[in-house]
């Protein structure tokens with residue numbers, strides 16, 4: 001190794017280490033706050049997950065550890081009752097009904113497998129594995145990214161892309177401690193595959209070409225095992241084939257062999273499956289994203305997913321570079337970089353296009369864009385060194401090594417300043433210690449074969465912590481079943497809510513397509529049939545309806561879908577407004593934020609005096625309601641919590657009479673249909689759905 005090669009190696013190691021160290025620091029520094037506030041961030045000796053999907057992967061990991069994971073067989077805890085109904089149908093019947101089986105993935109997802117292996121090895125919970133595993137995996141993408149750009153002669157661009165990418169607020173928020181989600185390697189695998197594609201094309205030795213081709217195929221296969229998106233693997237393969245043709249202008253025998261090696265090691269079945277998946281993904285994210293209703297006529301739940309919302313330019317800049325000026329510099333210059341080194345950067349196009357989707361679809365795609373915008377910023381330094389060296393007649397090799405290190409230091413300082421919000425960011429759990437405790441308690445207060453009716457967000461948490469089956473979760477919330485769940489929350493009729501729960505528990509939504517296309521039923525008629533109990537049958541599993549505190553904030557969207565007007569294609573957006581802790585005096589209720597209620601006259605005092613329709617006071621053992629002004633549609637209620645405080649809420653007529661408010665907040669229910677099983681308001685309230693009476 002000559003001196004210059006040694007310097008280049010040290011430079012490359014330096015460029016890789018800085019983003020890795022910075023990326024690990026901004027993730028693990030959260031622990032200083034977590035460990036000082038364990039009552040907020042831990043439940044006993046386990047940290048709380050910081051994503052909803054973490055419960056999804058952890059549950060399969062736990063099943064694997066307990067020997068319950070049966071790859072390819074029915075998953076007993078998901079999408080009831082349809083998974084049981086569909087299991088009894090023939091393959092032909094399922095295809096006709098467009099009703100796929102709900103099974104354990106085969107093989108077990110890599111994330112679940114790693115969590116289970118490390119948890120079993122360390123004799124600990126999967127949460128404790130996720131505490132360190134996610135941040136460590138999240139920084140690995142900087143390695144192929146920096147190697148790739150260094151080899152095409154843009155080392156500062158590679159470094160800048162890595163350090164901006166690893167500190168980007170969107171990527172940070174999606175790869176924090178205890179996140180346990182696939183985003184932690186969703187940059188690594190695409191960048192590694194792209195780098196190996198480039199090495200396959202650029203390498204001169206035939207033997208090494210085949211080695212790199214095989215490695216690229218293996219990493220494509222691993223990416224599919226990790227992310228289960230065969231359509232992305234297919235796109236990578238197509239780009240590789242295009243790259244072979246663009247670089248060689250022909251498909252000779254050797255080139256076809258290289259293509260064959262990549263296809264073989266990536267698994268041809270994955271590529272074939274990718275064809276079928278691609279259109280569905282494209283339709284969901286690009287074509288039908290903004291449609292208010294799905295093709296079945298039921299509302300499009302995709303509208304309510306926060307991470308799927310289209311981001312403003314200001315937000316995109318804030319979550320990539322932290323600064324709008326830096327964003328525009330990087331965004332413009334990345335196109336300059338592609339224009340100047342297009343053939344060499346061809347294999348990065350799929351990742352770049354994913355990043356550009358942030359302008360069309362969900363804001364989560366900003367994590368894919370950040371490395372490219374960062375690379376554009378760094379390329380400004382590469383261009384500067386190139387022209388300065390020519391102008392000064394410098395020895396370019398020596399000068400570029402020194403200039404690269406100097407540029408990296410400057411960019412690191414820029415990142416430290418521009419990404420200030422990322423350095424201040426602290427990961428927060430998606431569940432409270434109290435709710436985690438109550439979900440675990442489900443194993444005691446409900447029978448093992450119970451089915452849980454609730455909103456989808458905590459579906460996988462109930463599967464993981466409570467080990468109980470749910471009707472829908474974060475992986476099945478786009479089905480029409482979510483609409484029917486929403487109707488039970490927004491409905492003002494206990495009987496209709498009851499009939500809907502029992503009807504869905506009896507027949508599910510497996511035959512929905514048949515009802516619409518063959519029987520000619522409209523969505524309105526199907527809803528009416530559920531409301532009237534037409535589908536009610538004796539249910540084979542005990543059913544429990546769970547309400548949780550987070551649903552207060554989510555009620556606006558739940559109610560919007562539950563009150564859906566099929567002709568107008570919209571629902572009613574009504575809020576239940578919390579007003580904080582309240583104190584009850586003899587003639588007045590005083591709440592946080594300067595809000596008070598005159599209980600003698602029925603007047604709400606905020607920034608003005610507002611007459612109230614009613615005031616409800618729920619104590620531990622008694623509900624007291626009083627009507628004041630029937631012409632008003634505003635209601636106030638204050639409810640005692642499990643720790644003795646009173647919480648206040650304001651709402652108008654429609655939310656007030658909804659089952660969500662009546663059964664959850666006020667604990668006012670019809671004993672003909674429901675039985676209060678567990679009351680730990682506001683954390684969790686549980687009702688048992690009584691035995692069905694067939695109509």
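Just so it is clear, glycine is given a Cβ too, placed from its N, Cα and C backbone atoms.
What you are looking at is a predicted structure, and each value in this text was computed from that prediction instead of being measured.
In TrEMBL, the transmembrane segment annotation falls on 345-362 of the listed ranges 111-128, 291-308, 345-362. The range from 77-94, 401-418, 419-436, 437-454 that TrEMBL describes as transmembrane segment is residues 401-418.
The transmembrane segment (233-251) and the transmembrane segment (180-198) are in contact, since at least 3 Cβ pairs between them lie under 8 Å (pairs 6 or more apart in sequence).
Across 9-28, 210-227, 258-279, 315-338, 368-389, the stretch most heavily in contact with the transmembrane segment (156-174), judged by Cβ pairs under 8 Å, is 368-389. Through the fold, the transmembrane segment (129-149) approaches residues 12, 15-16, 19-20, 23-24, 27-28, 47, 49, 54, 58, 114-115, 118-119, 122, 155, 157-159, 161-163, 165-166, 171, 175-181, 183-185, 187-188, 191-192, 194-196, 198, 348, 371, 375 of its own chain, all at least 6 residues removed from its boundaries and within a Cβ separation under 8 Å. The transmembrane segment (368-389) shares the most Cβ pairs under 8 Å with 315-338, out of the stretches 9-28, 180-198, 210-227, 258-279, 315-338. Just going by CB pairs under 8 A, the stretch in 9-28, 180-198, 210-227, 315-338 that sits most against the transmembrane segment (401-418) is 9-28. Counting C-beta pairs under 8 angstroms (sequence separation of 6 or more), the transmembrane segment (345-362) reaches the transmembrane segment (180-198) with 3 or more such pairs. Listed by sequence, the residues of this chain that lie at least six past the ends of the transmembrane segment (315-338) yet keep a Cβ under 8 A from its Cβ atoms are 154, 157, 164, 168-170, 173, 345, 352, 358-359, 363, 366, 369-370, 372-377, 379-380, 414, 418-422. With a threshold of 8 Å between CB atoms, the same-chain residues lying at least 6 positions outside the transmembrane segment (258-279) that come near it are 200, 209-210, 213-218, 220-221, 224, 229-235, 237, 240-241, 244, 251.
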